[in-house]
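If you look up TrEMBL, you'll see 20-35 marked as compositional bias 'Low complexity'. Marked as domain 'CDC20/Fizzy WD40' by TrEMBL: 171-460. The region 'Disordered' annotation in TrEMBL covers 1-44, 467-486. The repeat 'WD' feature in TrEMBL is assigned to 216-257, 299-340, 429-462.
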Amino acid sequence: MENPSSNSTDPQTPFDPNSNFNPKTPSKTNNNNNNLIPGFNSYHPSPSRSIYSDRFIPSRTSSNFALFGLPLSPKSSNTEDSNNEYTSLLRTALFGPDSGNVVNPVTPEKGVRGNGRNLKRPNCNIFRYKTETRQRLDSLLPFEFDDQIRGVSTSPVKVPRKVPKSPYKVLDAPALQDDFYLNLVDWSSQNVLAVGLGSSVYLWHASNGKVVKLCDLENDDNVTSVGWAQRGTHLAVGTSNGKVQLWDASHGKMTRTMEGHRLRVGALSWSSSQLSSGSRDKSILQRDIRAQDDYVSKLSGHKSEVCGLKWSPDSRELASGGNDNRLFVWNNHSTQPILKYCEHTAAVKAIAWSPHLHGLLASGGGTADRCIRFWNTTTNTHLSCMDTGSQVCNLVWSKNANELVSTHGYSQNQIILWRYPTMTKIATLTGHTYRVLYLAISPDGQMIVTGAGDETLRFWNVFPSPKSQNTESEIGASSLGRTQIR
């Protein structure tokens, strides 16, 4: 069966190879003997059948090359010589010039000029091979081992940041209480660490390792919370009898005592000259240290002890967590919470505002909850929840990256570094043998200090440095190893 094609000859007029073909005249036949290419009609097909074709395939055996000054095709008698020459040339190309005598072949196109003289060409290979033909195995692989030798420029692979698994410093902290509802460690902007141990407060200067006792409480009173003012010059100390003392750390003297709570003060948070205190009496007192009154307003809403308290970075919102499993958000103009979150199923002590995104709040629940939850206080939405598998005691955001650290109690007592918002674990740090109840971050945002009921303070290098920072931090540079804070 024929295959229709635009180049096919008319089936009613088959192509006659015996006819003379004149390319200048597009007629079907030409009976004259004056052919442009003599001998073109020397091909005689079998007369038994007609040939139909959709394309023209020329036959070189019937072409008259002498008309164009080209040599005739070699005869069959020269076939063996041609094969030998080709074999020799192939052997030389593959195995080098020393593999045997090579006879330079003379091709019809390049070896013969118009006058018929043979011109010999120098022995040269089209592909130049080295004498050593063996190659290294890595040269056959799809990737390069030695980029410098091969001149290949590849982009460097980003290596994940390595977080040291061990603390770079450990301090003994005798009498550090194992109480989930207290906040006994804080790090100032002046690079001084305050720690409440029993009835005393100690200051550890990170730049030189010097330890100073700031105060001793009287009348069987104990320290239940500490909190540095933003300038790092004054320290607020909450006590078990419901008082708040204000100390000038640089001069080592108390400047004021403020009352108002009936029970212990377990949480403190500063906002410029305003100090907020949370108590076991379920209330939050707003204090202006410039005013004569002990407090300017009282916030009521929690049904149990207030154990978590944090002001937002812009000082517009205050987040509070309580033993009633509630998380509240307050503003400067109301004595009632503007936002209430009730999703946690255990006490909410761990609270942290993101320094990178306005209105992003993180909170953590206790043993029965074990979850870290994220909230958008601007839109009043619950963003996500991560089950950590153990009691969440503290949270703190990195100042230099979108990461945060959580410390845990029952049952693993670990420290976890998270990447937000994917909440992938960057590192898990262990070392404490009791619940990691206390957490503070260094002023440069690179180090954290953790405290536990095992009466130790451990310093960890977990967060990246600021992009603009070119010098190493001097924190703990002068003293390494394990020492005692008192």
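Each residue, glycine too, has its Cβ placed from N, Cα and C.
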Contact set, same chain, for the repeat 'WD' (299-340): CB under 8 Å, 6 or more residues outside the stretch: 180-181, 263, 266-272, 274, 276-280, 282-286, 346-353, 355, 358-359, 361, 363, 365, 369, 375, 377, 380
Composition by DSSP (helix, strand, coil) of residues within the repeat 'WD' (216-257): 0 helix, 23 strand, 19 coil
Per-state residue totals over the repeat 'WD' (429-462) - DSSP helix, strand, coil: 0 helix, 19 strand, 15 coil
Whole-number mean of pLDDT values that fall within the repeat 'WD' (429-462): 97
Residues of the repeat 'WD' (299-340) by DSSP state, where helix covers H, G and I: 0 helix, 21 strand, 21 coil
